[in-house]
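Going by Swiss-Prot, these are the annotated features:
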DOMAIN    1-181  domain 'KARI N-terminal Rossmann'
BINDING   Y24, G25, S26, Q27, S50, D82, E83, K84, Q85, G133  NAD(+) binding site
ACT_SITE  H107  active site
DOMAIN    182-327  domain 'KARI C-terminal knotted'
BINDING   D190, E226, E230  Mg(2+) 2 binding site
BINDING   D190, E194  Mg(2+) 1 binding site
BINDING   S251  substrate binding site
Amino acid sequence: MKIYYDQDADLQYLDGKTVAVIGYGSQGHAQSQNLRDSGVKVVVADIPSSENWKKAEEAQFQPLTADEAAREADIIQILVPDEKQAALYRESIAPNLRPGKALVFSHGFNIHFKQIVPPPDVDVFMVAPKGPGHLVRRMYEEGAGVPSLVAVEQDYSGQALNLALAYAKGIGATRAGVIQTTFKEETETDLFGEQAVLCGGITELIRAGFDTLVDAGYQPEIAYFECLHEMKLIVDLIYEGGISTMRYSISDTAEYGDLTRGKRIITEATREEMKKILKEIQDGVFAREWLLENQVGRPVYNALRRKEQNHLIETVGARLRGMMPWLKKKVI
């Protein structure tokens, strides 16, 4: 594994170049401000009069349309949602590419699954922070950084890796360390983690536990505390020191239950299903399914989302969180 740090990156590779950050959302606001504070010339783009456009103005940027930003920039970072990138590229970016420009991504979906196929005379690389935008910004302001991934898909200039590392340094990532990967590896592992563990896996586990207790006659409020609320306490321990630290920190009773019962939940059948999910990602089955779902107006996505929002755990959770003044209400 190759890891790059500050001493491996040189901001001079960005001298005389303009970086366009298209999409002033979570990552966009952080990366653009960090680059600017590192002395890089930055322009930002979003939808005129949108909330993001106004936020960019509040941050002392003069936002442009995507077409204008792509025309002006030498390095173009695309930070709009995956499902919108291909159309944005076709309509606003591709017409403004010229030999020697560079395209940057923070997720490899559209390049890996060939929804975006750049011409051969541009550089294509990835800088992917492993943390949300607000953390990328806060760590930079505190003189630290968020670990990130770097990958080069196309090296027309012969300097794509140096450009990528300079970009990573500009957002503060090389302070923490930047791990070299590929678009394929980043895309497939990211999707698998979301589907099998971080989002799909954990939500189904939480809800299955909640339903089991409620169906057995226990109060929904107690089930919520035991299966969802306390999840943060455990995840924080794992996040800070790994599984071993979590096990060291919990009671012996809890650890014994973990060691003897956990494998009855995640069985060999579960592991086989995980392999199937990974294969669907590797073969492009999931990507085609998701792209088609967007093309026809997201009927399955919207129906499933409505159904999930009406689950008992949501209404119980909303009521209980109202008892917790330390929780800030998030606007979704």
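Cβ coordinates come from backbone N, Cα and C, glycine included.
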Distance from Y24 (NAD(+) binding site) back to D190 (Mg(2+) 2 binding site), taken between C-alpha atoms, in Å: 22
Length of the line joining the Cα atoms of S251 (substrate binding site) and E230 (Mg(2+) 2 binding site), in Å: 14
Nearest of the recorded positions (S26, S50, H107, E226, E230) to E194 (Mg(2+) 1 binding site), judged by Cα-Cα distance: H107
Where S251 (substrate binding site) sits in the secondary structure, as DSSP reduces it to three classes: coil
Number of Cβ atoms other than its own within 10 Å, given for E226 (Mg(2+) 2 binding site): 14
Nearest of the recorded positions (H107, E226, E230) to E83 (NAD(+) binding site) - Cα to Cα: H107
Count of other CB atoms lying within 10 Å of the CB belonging to D190 (Mg(2+) 2 binding site): 18
